[in-house]
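Database features, via Swiss-Prot:
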BINDING   ALA67, SER68, GLY69, LYS70, HIS71, THR72  ATP 1 binding site
BINDING   GLY140, PHE141, PRO142, LYS143, GLN147, ARG218  AMP 1 binding site
BINDING   GLY278, SER279, GLY280, ARG281, SER282, LEU283  ATP 2 binding site
BINDING   GLN325, GLN326, VAL327, GLY354, PHE355, PRO356, ARG357, GLN361, ARG432  AMP 2 binding site
REGION    58-258  region 'Adenylate kinase 1'
REGION    87-113  region 'NMP 1'
REGION    177-206  region 'LID 1'
REGION    269-472  region 'Adenylate kinase 2'
REGION    298-327  region 'NMP 2'
REGION    391-424  region 'LID 2'
Amino acid sequence: MDATRKPLRIPPAMALYAEEQGVFDIIQKMVKKVLVDRPKDPIQYMIDHLSNDNDDVPRVFILGPPASGKHTMAKLLCKRLNATHLTPESVLSSDVSLLAKEAQSYRDKGQEVPDELWAKLMQQRLSKVDCIKRGWILEGFPKTREQALKLQMAGICPDHLVVLDAPDIVLIERNMGKRIDTANGEVYHTTFDWPSDPTVQRNLVEPEGISEEETGLRLIEYHRNIPGILRTYPKTSKKINADQPYMDVFSQVLTFVLSKPRSLAPHTPRILLYGPPGSGRSLQASLLAQKYGIVNICCGQVLKEAVADQTKLGEVIQPYIENDQQVPDNLVLKILTEHLSSLESATHGWVLHGFPRDTDQAALLKDAGFVPNRVFSLDLSDDVVIERLSLCMTDPVSGERYHDIYKPAPSSEVHERLQQNPRHSEQRVQARLDMYHANAEELDEFYPDVIHINADQDPYTVFEFIESYTVSPLPRPLPEEPTSP
């Protein structure tokens, strides 16, 4: 590239479109489906695949030992995600095909249904419209590694495998209290979920196979088979402790099911940090820039650099800087655009802080084509902000910063010569806080995917939170809960 020419500016629209529409992932999933299903007409198959628009529907296996809560979790997930609930029994009972009749004949003879036949049955059921459009939650299957491998050979692979886990003694106690409603097959428990309706209570019966000895045998079989199943799905499985309140278990299950696997798509971080003064935005931005090589763009710093470099825009904004006045938004945006559209920012990504401070500035940034793909709000109470800033002093001799509580001066001599930045006086800090709070709620509405992080903790703990959300895809949005009629 000719270094004597004007600096290369890359318009962000192309990469932004590809990322927003998930172009890379769409193509990757289509190629995967074509290779697995091997249709006779790949072009028409891909057109149909795009028409289905079902890449993000849930495809989940829920496994676990007896009485671990598989049925409860599957029902809650299906209700929350509007997915189809499947079990081996429901697949057999609702199917009238020749395959189902063949499988039922094995059961009538007291024989095990062959794994290959199970795979064909599942493939047939999952190809129906409700599973394609809404997704599916398969409970209690596969039970062995052989069944899991047969499912893989049939092209059935879950996006998430939930494995519920609890101590055997807890599971045995749970199982012995299980009761079944003969009217509708609903499961209740003598301790944890006893119905209040006397009619339902009269319908409850003790199911077969829940004695301590029988449960122990089923647990032995489960523990023998589950390691092989986990080896079959090493990257999509997660164990969740089921020995806790069921809503806590469900919260963890739902969080996992909504998570997305790490994408192989090219990812250029465009990170926006905002928060009250003293929340640590500058420190977090510098840590991100240092570790990942992205461009650290501090609004206040680039304005001062423009003045110091005596650029044309720098000369225009110099009076505002010298008089401690707010620089007009259009001038700020012009200077930021030079940095945000640079070759380095376009190829390595950027982290921006200090702008925008309100929705008008956020709209200007969006109209200019600079849309962050991660937005973090560093939350801090006013008392902590005032404590952090108003007690911070600087040694004019060494330039070292000290804090009356967290980092006191090493000697009385140093303490006596410490000076406070005028901007850190309690009165001015409170004024900046008032300005921040006046706009914070509207900024949260402007960026609906904003991730709130508690900044009142160790800065490296805060960085770990930011890092985890930056390197991994954002979770799927949670569907709206169905409204009762």
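Count begins at 1; order follows the chain as displayed.
A Cβ is built for glycine as well, from the same backbone N, Cα and C atoms used for every other residue.
Keep in mind that this is a model prediction, so the values were computed, not measured.
This view paints the features noted in Swiss-Prot onto the structure.
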residue : record             : DSSP class
ALA67   : ATP 1 binding site : coil
PHE141  : AMP 1 binding site : coil
ARG218  : AMP 1 binding site : helix
SER279  : ATP 2 binding site : coil
ARG432  : AMP 2 binding site : helix
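Taking Cβ-Cβ distances under 8 Å and a sequence separation of 6 or more, the neighbours of ARG218 (AMP 1 binding site) in its chain are PRO65, PRO66, GLY209.
Within the set of binding-site residues (SER68, SER279, SER282, GLN325), the lowest number of other Cβ atoms found within 10 Å of a Cβ is recorded at GLN325. Shown are the binding-site residues GLY140, PRO142, GLY278; of these, the residue with the fewest other Cβ atoms within 10 Å is GLY140. In the three-state DSSP scheme, THR72 (ATP 1 binding site) falls into the helix class. Cβ atoms within 8 Å of the centroid of the Cβ atoms of ALA67, SER68, GLY69, LYS70, HIS71, THR72 (the ATP 1 site) belong to the same-chain residues GLY64, MET73, LEU164, ALA242, site residues excluded. Local packing around the binding-site residues PHE141, PHE355 was summarised as the count of other Cβ atoms within 10 Å of each Cβ; on this measure the leading residue is PHE355. According to DSSP, GLN325 (AMP 2 binding site) is assigned to coil rather than to any helix or strand. Between the alpha carbons (Cα) of THR72 (ATP 1 binding site) and SER282 (ATP 2 binding site) lies a span of roughly 46 Å. The Cβ neighbour count for LYS143 (AMP 1 binding site), using a 10 Å radius over every protein chain in view, is 17. Ranked by Cα separation from GLY280 (ATP 2 binding site), the binding-site residues ALA67, GLY69, HIS71, LYS143, ARG432 are led by ARG432.
Shown for the region 'LID 1' (177-206): DSSP residue counts in helix, strand and coil, namely 6 helix, 10 strand, 14 coil. Within 10 Å of the C-beta of THR72 (ATP 1 binding site) there are 20 other C-beta atoms, taking all protein chains into account.
Separation of the C-alpha atoms of VAL327 (AMP 2 binding site) and SER279 (ATP 2 binding site): 23 Å, rounded to the nearest whole number.
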